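Database features, via TrEMBL:
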type	residues	note
TRANSMEM	A:6-25	transmembrane segment
TRANSMEM	A:37-56	transmembrane segment
TRANSMEM	A:62-80	transmembrane segment
TRANSMEM	A:87-111	transmembrane segment
TRANSMEM	A:117-140	transmembrane segment
TRANSMEM	A:161-182	transmembrane segment
TRANSMEM	A:188-205	transmembrane segment
TRANSMEM	A:212-230	transmembrane segment
TRANSMEM	A:289-306	transmembrane segment
Amino acid sequence: MKASTSVAITAFVLVAGFALCALQFPNIASTRVVANLLTDNAFLGIVAAGMTFVIISGGIDLSVGSVIGFTTVFTALAIERWGIPPLAAFAMVLVLCALFGAAMGTVIHVFELPPFIVTLAGMFLARGVSFLLSTESIPITTPIYSAVSDFAIRLPGGGRLTAIAIAMLVILVLCALLLHLTRFGANVYALGGSRAATALMGIPVGPMTIRIYMLSSVLAGLAGIVFSFYTAAGYSLSAVGVELDTIAAVVIGGTLLTGGQGSVIGTFLGVLIQGMIQTYINFDGTLSSWWTKIATGVLLFVFIALQQGLMALARRSSLKPAGAKLAGAKSPEVKPAGALT
Amino acid sequence: MSDPSAPPATRPSLLDIRGLSKSFGTLKALDGVDFTLGEGEIHALLGENGAGKSTLIKVVTGVFARDAGTVRLAGREIAPRSAKDAVDAGIATVYQEVNLLPNLSVAQNLFLGRQPTRFGVVREGEMKRRARALLFDYGLDIDVGAPLSSYSVAVQHITAIARAVDLSARVLILDEPTASLDRHEVEILFSVMRKLAERGIGIVFVSHFLDQVYEICDRVTVLRNGRLIGARDIADLPRIDLIRMMLGRELAETTHERAASQPDTAREVCVSFKGFGKQGYVAPFDLELRRGEVVGLAGLLGSGRTETARLVFGAERADSGEAKIGGKAIRLNSPRDGAGFGFGYCPEERKTEGIVADLTVRENIVLALQARRGLHRPLSRREQDEIAMRYIRMLDIRPPDPERPIGLLSGGNQQKALLARWLATSPKLLVLDEPTRGIDVGAHAEIIRLVRELCEQGLALLVISSELDEIVTYSNRVVVLRDRAHVEELKGDAVEVSSILAAIAADTAPAHEAAS
């Protein structure tokens with residue numbers, strides 16, 4: 001109920017914002033612009049889907065930007081220098097990402113460390129390894145890359161739905177199904193509700209944690225592959241700071257940073273809002289592209305405040321607020337004054 | 001009644017606990033406790049704070065490992081190592097704070113981890129249908145798709161019970177389930193409990209509401225200081241006997257001598273309260289605390305003893321009445337105010353509200369004195385050492401090492417260090433809430449001796465204790481509380497265990513109606 005309210009607000013902001021942009025620049029309302037927006041943000045959408053799982057489960061994954069960077073470098077090297085066929089290279093890099101995510105999840109669970117710290121370490125580690133591999137940008141010239149880049153579904157109105165945009169949409173749909181329709185998804189929400197209660201209810205908390213971070217890292221790896229298609233290069237400095245854009249998209253999409261609530265569709269809307277701001281700034285032409293960050297920052301503030309407001313409202317209207325429970329525990333015999341002698 | 005721990009002949013025994021022991025350090029939390037629960041029996045587990053109820057539950061449910069003893073479930077010995085083990089064995093626990101997931105739907109909470117699926121997809125419709133059917137059995141007809149947090153605590157409790165029972169629980173432990181429920185919700189819960197008992201499930205009911213115990217339970221087991229006091233059929237047990245089991249001490253142990261009592265009027269009044277109280281917390285009371293006198297506060301758990309102490313110290317803000325020192329009304333709105341007037345307060349929750357576990361004994365002792373002096377006049381290290389050593393010697397705190405983190409000391413020595421903290425401020429009034437709780441026998445006697453000595457030195461003392469013999473030993477006057485009101489004040493020769501018991505047990509009927 002509350003979750004859908006947040007998503008509805010995000011959707012409203014997106015539609016209203018888009019309408020305002022279209023009023024000023026009528027050309028924005030075209031399939032061409034929208035399709036480009038999807039292409040430009042394909043990697044962000046994919047990595048944000050993974051982040052949605054992590055944040056709903058009550059964690060955070062700061063390593064995703066570095067994992068994207070690592071993936072692009074590794075893929076480029078594997079294809080261009082080591083002569084590995086692209087598909088084999090993708091498989092290798094995804095396995096590495098999965099192992100990396102599993103390692104972070106294991107450390108978080110076994111040593112009971114805060115995910116923030118563990119994934120921060122993971123962030124430095126992944127970035128460091130990509131620099132070890134190569135400090136230069138490595139162009140990828142294999143024919144598959146140009147073939148995939150040229151592939152697109154033509155939309156009415158001149159838009160081109162590119163392969164990587166399609167990949168993002170497919171991955172988002174799969175993630176949404178996984179989160180909302182499976183036991184795994186229910187467990188993710190449960191973990192975010194209360195780790196202790198989830199364990200008491202017999203859910204294997206450790207394996208769940210490991211799988212969630214694996215999922216996030218694999219999706220970051222996929223995002224890295226998509227990014228390498230997008231730029232046709234591997235570079236160890238790519239996607240610096242993307243973890244923060246990702247978290248912003250997830251939060252703007254109505255997912256609670258404290259966990260327990262959120263949705264993939266909301267995250268998708270959050271990604272689109274960021275893309276829309278970027279598009280507006282491109283159309284305007286006079287604004288610095290850094291205004292995207294400022295607008296994102298303002299939106300984040302507004303959305304977090306909004307969520308808090310909604311939560312407070314829900315708390316007031318619900319029958320027995322948590323506060324009353326606490327008070328009850330402390331003074332179990334509170335009675336009407338009339339009962340006192 | 002000849003063998004109090006034998007189950008009634010009519011009921012086959014379901015849960016059978018023999019000689020269960022558990023120690024924490026030197027403190028025996030459970031000492032050879034027996035407990036027998038029959039099939040379809042609702043069995044109250046009673047005792048004051050620290051009696052060992054929660055330790056017993058935690059051992060049975062696998063949270064703590066036991067030191068000795070056996071637990072048999074339907075004749076088979078079990079040794080659960082985790083809450084999940086216990087659930088698998090058939091013992092489910094529902095705590096006062098519901099251990100479910102407020103953000104998930106009621107249906108998901110009921111079926112988490114075992115949702116009906118088809119090709120890996122949860123069959124939402126089927127799950128909701130089953131959830132509705134399940135809760136319907138418990139007299140609930142609610143939208144199971146709504147998040148759990150949108151329902152009252154009673155519904156959450158019943159959901160937790162339904163989940164537990166559906167996981168084939170045979171023993172259901174309800175730990176203070178009614179503490180945050182209103183009368184109507186209690187009725188709903190009780191009807192659920194009766195229904196479950198009819199199905200042969202054994203229910204352990206932990207509560208400190210005696211009326212509810214008499215209303216719902218078949219048998220009662222009373223623990224005190226980690227020991228079994230007895231198990232009885234509730235129908236054969238008059239209320240005063242039950243209270244005596246909970247509070248009294250065996251007569252053989254009472255070797256107390258009453259403090260020589262002087263007429264009250266002879267002593268100088270330290271602080272007086274008139275119509276002092278707080279709505280919904282403790283009813284307005286009159287209380288005079290005099291120098292060189294110990295006033296004991298007696299009553300059952302939840303009767304308003306701690307609440308009174310907190311009001312007196314200023315830890316809680318009164319909304320009626322006034323407090324006077326030397327005839328002048330004073331402002332008593334915060335612990336800071338209380339400390340400013342020379343009051344000291346050693347709270348019941350020593351570990352969480354009393355000591356600062358990671359600081360040393362010295363730092364803990366000088367805490368209140370330094371707070372009173374303020375930030376700008378720090379005690380020099382030499383002064384601190386001197387104060388710490390003086391009290392360590394005076395109160396015989398062991399080990400006599402001021403630089404040891406206080407968390408490493410035994411309970412009795414922590415309590416002495418807390419006393420030292422306030423004594424260092426040369427207080428006029430000391431409020432001690434359960435000063436002997438969780439302390440081994442030797443230290444127990446010492447604390448009592450200290451209370452008396454302090455009194456002789458002219459301090460005014462307000463002491464709370466669940467041990468009536470203890471209260472009788474050092475109190476000049478005893479205020480008896482019931483249902484959050486001061487109901488009687490006993491003086492002089494009237495201060496004895498039997499009269500206190502009578503005052504606590506008298507006229508308990510109103511509590512029943514008041515709860516509605």
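Using N, Cα and C of the backbone, Cβ positions are placed for all residues, glycine too.
Most Cβ pairs under 8 Å to the transmembrane segment (A:289-306), among the stretches A:6-25, A:62-80, A:87-111, A:117-140, A:161-182, belong to A:6-25.
In this chain, the transmembrane segment (A:117-140) touches the transmembrane segment (A:62-80); three or more CB pairs sit within less than 8 A of each other, excluding pairs fewer than 6 residues apart.
Among residues of the same chain six or more beyond the transmembrane segment (A:6-25), those with a C-beta under 8 A of the stretch's C-beta atoms are 252-254, 261, 263, 265-266, 269-270, 272-273, 276-277, 279-280, 283-284, 299, 303, 306-307, 310. If one looks beyond the transmembrane segment (A:161-182) by at least 6 residues along the same chain, the residues whose Cβ comes under 8 Å of a Cβ in the stretch are 35, 38-39, 41-43, 45-46, 49-50, 52-53, 56, 148-149, 151-155, 188, 219, 222, 226, 229-230, 263-265, 268. Taking every recorded stretch in A:87-111, A:188-205, A:212-230 and counting its Cβ pairs under 8 Å to the transmembrane segment (A:117-140), the highest total belongs to A:87-111.
Note on the transmembrane segment (A:188-205): residues 53, 55-58, 109, 179, 212, 256, 258-261 of its chain, located 6 or more positions outside it, place their CB under 8 angstroms from a CB of the stretch.
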